[in-house]
Amino acid sequence: MLRELVIYGDERLQKVSEKIEKIDDEILTLIDDMFETMYKERGVGLAAVQIGVLKRLVVISVPDFDDEEKPDFKLALINPEIIWHNDETESLEEGCLSFPEIRDDVARYTQIKVKYLDREGNEQILDAENYIAKVLQHEIDHTNGISFIDRLESYQKRRLKRELKELRNNTVRGIKKVNNREMLKNS
């Protein structure tokens, strides 16, 4: 089922997500919904908080840019945690489904190790590098209440200030309208 994206300005994006204690049908359905939503929105990664669910859950589907015949690297990570990273960073342009049309360069580690649970509840360790490592860091940040704009340098934030303010104001106005409709319905 398609889910609605949470957009910048919504306070949920700044909250730390809760650890998933039990992998049940509800979590498995959530994973499927996240993949469906991510594909529809043409993303390569999605954290549960981006659809309003404050659970430590991330899905990714990353193409192999060197071999278009290869299938995408597709993975659901439950309770993901970066347990190691190298010291080398690379700055590449990032965007985010929760920040429509806003992009900028973000420095990320080029190699990481991620501990997570798979769909069956088995603990896994993933060695990731380059683009996959970048996508994972971006999505795991979301589970910790961190958005890619929090990783920007101050000069980058100043450059994007107007666009971010407009996006936040539009989101806040939309949330207020929904809340007002809910209050009217319940009175």
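From the backbone N, Cα and C atoms, a Cβ is placed for every residue, glycine too.
The Fe cation binding site feature in Swiss-Prot is assigned to C96, H138, H142. Feature annotation from Swiss-Prot assigns active site to E139; the stated evidence is sequence analysis.
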H142 (Fe cation binding site), number of other Cβ atoms within 10 Å: 24
For C96 (Fe cation binding site): intrachain residues, at least 6 apart, with Cβ closer than 8 Å: I102, H138, S147, F148
Three-state secondary structure, C96 (Fe cation binding site) (per DSSP): strand
Residues satisfying Cβ distance under 8 Å from the residue listed as 'active site', sequence separation of at least 6: G45, L46, A47, V58, V59, I60, P80
Neighbours of C96, H138, H142 excl. site residues, C-beta within 8 Å of centre, Fe cation: G45, A47, Q50, E94, L97, S98, E139, D141, S147, F148
H138 (Fe cation binding site): tally of other CB atoms within 10 A of its CB: 23
